[in-house]
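Taken verbatim from TrEMBL:
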type: BINDING; residues: Lys66, Lys90, Ser344; note: substrate binding site
type: ACT_SITE; residues: Lys102; note: active site, proton donor
type: SITE; residues: Asp142; note: site 'Important for catalysis'
type: BINDING; residues: Thr185, Asn216; note: NAD(+) binding site
Amino acid sequence: MNALAATNRNFRKASRILGLDSKLEKSLLIPFREIKVECTIPKDDGTLVSYIGFRVQHDNARGPMKGGIRYHPEVDHDEVNALAQLMTWKTAVADIPYGGAKGGIGCIPKDLSISELERLTRVFTQKIHDLIGINTDVPAPDMGTNSQTMAWMLDEYSKFHGYSPAIVTGKPIDLGGSLGRDAATGRGVVYATGALLAEYGKNIKDLTFVIQGFGNVGAWAAKLIHEKGGKVIAVSDITGAVKNPNGLDIAALMNHKEATGALTGFSGGDSMNSDELLTHECDVLIPCALGGVLNRENADHIKAKFIIEAANHPTDPEADEILCKKGVVILPDIYANAGGVTVSYFEWVQNIQGFMWNEEKVNMELEKYMTKAFHNLKNMCKSHNCNLRMGAFTLGVNRVARATMLRGWEA
């Protein structure tokens, strides 16, 4: 089942639990605006090449739309649509005043030079600048984009609208980016994990962890879990996987990866088959990489008692059912990885006020938001007698539905 079908299915389930009016349900599903643009740029050798760019603005009932821009060969309309909708529910679960959006360009970033990427970003921004805005739609980095991409977007947008640091988040610190933004998603995952484990009378320092994906999110989550005394016993990324039953030294592993560009060959652990990582014996499994990695083929063999969805949509609906029957507790992505968008919100607030926070304040506020969201989510689970995923979806959908009705959607 693709991401759009799975998201729609979760939305419909939540809408039935909440007893939403069918007209309102339909209205909430349809995106506010879909943008498709052609971006033609000269390559370094002088030839012209065209790319298709998308921006789906899903909902703005609770505030400006918010969501990443990805550069990836598989950026297609359905995927962008699903991710935009997911952002609407995610910002509502985190209780930050945003709606959802998502965008992207279908390209292979590693095949483009830095100057080609800059030209592509600037052309894309020129095409959409009058449809985004500080109070309309605020982009951020995503797969294949980074703080440099945001700096180019900010510069291009500012040519039309004057200096506007709040137009994008995830910027370099020197251009008004927030301290703590780099670690935010991984740190949010750790705060979310702590809140969930506390509910079961458990603590990070007493448990074993397996982490799939060692990019920004996975590496920060591993580092912070290690600092809290948790045992990270296996880690993988596209280059391979390493394990150590006594716990990996994460700082040493990060240095090794930086030096060699790969996890394999790390002296503080044994290499293992990446395919066996998800079914490795552990207390907590944290998928931080791609969607759909937990499916009906491997769900039966998963030994973890808790799964924290740091990636977007890592669990197929079929796997979801199998794991629920096994009694595995799954903390859903729309809550677990909301740390990134929460600190993006803090960055936007700092830019609008023209007053920057220190890192301690950023992390303290993030912990407050993640903990409060978890308790709100648990209350939805109790009042509707549902699992954590439906607790999160009903919480998010209910907030957006209430805002939509209060603003008068039938007029």
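Including glycine, each Cβ sits where the backbone N, Cα and C put it.
All features noted in TrEMBL, drawn onto the structure.
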| residue | record | Cβ neighbours (10 Å) |
| --- | --- | --- |
| Lys66 | substrate binding site | 28 |
| Lys90 | substrate binding site | 28 |
| Lys102 | active site, proton donor | 30 |
| Asp142 | site 'Important for catalysis' | 22 |
| Thr185 | NAD(+) binding site | 24 |
| Asn216 | NAD(+) binding site | 17 |
| Ser344 | substrate binding site | 29 |
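Farthest C-alpha pair in the substrate-binding residues Lys66, Lys90, Ser344: 13 Å apart. When the Cα atoms are compared, Lys90 (substrate binding site) and Asp142 (site 'Important for catalysis') turn out to be 15 Å apart.
Within 8 A of the CB centroid of the substrate site residues Lys66, Lys90, Ser344, the other residues of that chain are Gly67, Met87, Thr91, Ala94, Ile96, Tyr98, Gly100, Ala140, Ala338, Gly340, Val341, Thr342, Tyr345.
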